[in-house]
Amino acid sequence: MIQIAIVDDERAFLESYTHIVEKLFAKNRIEFVVQCFYKSEEFYHLLKRNYFDIVFLDIDMPEINGINLAADIRKLKLETTIIFVSSHSNLVFQSIHYAPFRFIQKDCLEDDTSEAIHAYCQQIKEKKNTIQLKIENGETYCFNLMQIQYFYSVRHDLFLVYSNKKIAKRLFPRAYTMDALGKMLHEKGFIRIHKSYIVNFKYIHQIQSDKVLLFDNSTLPISRSNVANVKRQYKVIMREDDAI
C-alpha cells in the first residue's frame, strides 16, 4: 500500500488536490493511503516517525517551505519520491538539487499530475518488491510486498493481510491456490509455515514448536512436522537479506 503525503498551506487547494490525487491513483489501480498536511511543520515532525512513499510538496509555505522540507527528506536518506507542486515555475531549477520526480505547475495541474502519477505507478509496478494480484471485485492491483504480513486461506478463499492496521484483502475466488502463491513468493522472502499460511519473513519474531510469533505479538499456527524446514528457510533468507 502506497503511503502518500500532500503538503500545502492553502486549505481549499489541499482539499481539491487530494481528490485529484486519489482519483488518479485509483485509476492506476494502486492501493494507497493519503495524509494531508495544512501545516508544513506538522509534516516535518512526522518525517522521522512515519515513512511516505511519495510526497507532493507546495514550495511557497510559511513555517517551513517545500524546498527545506525536501532537503530534510534527503538528509534523512529516505527513499521518498518528491513531487513539487507550485505556481512559481522560476523555482524549478532550485528544486533540481533535491532530485524531484516531477515539478508540477499549478496552472497545468490536472494534466501534469495525471502524467506524474501514471509514470510513478508504472515505475513501482516494475520494481521487484511489488506483486500484481486480482482481488475479489475482479480488478488487478499492484501490492507492495514489504507491507504484506502474510497470506492465509479459508477453504478455497485466499486473503492477504497488511501490516498497516491489519487490513485484509480477499483475492479473487479460485484465481489462486496456496501452492501457486507459495511458489510465486518463495524468492521474495515469504515462507509457507502451514498449509493455510504464507508469511513474510520480515515480520517473524520467533519460530516456536507450535506457532510463529510476529513482531506485533500476533501468532500464526505452524505445522509441527514443518518447524525444522521453516527455521532453515528463515536462516537462509536472513543471510541473503543481510548480504544485500
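A Cβ is built for glycine as well, from the same backbone N, Cα and C atoms used for every other residue.
TrEMBL has this to say about the protein:
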- 3-121: domain 'Response regulatory' (DOMAIN)
- 177-236: domain 'HTH LytTR-type' (DOMAIN)
- D58: 4-aspartylphosphate (MOD_RES)
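Restricting the average to the domain 'Response regulatory' (3-121) gives a pLDDT of 92. Spatially close to D58 (4-aspartylphosphate) yet at least six residues away along the chain are V7, D8, D9, E10, S40, G66, F84, V85, S86, judged by Cβ distances under 8 angstroms.
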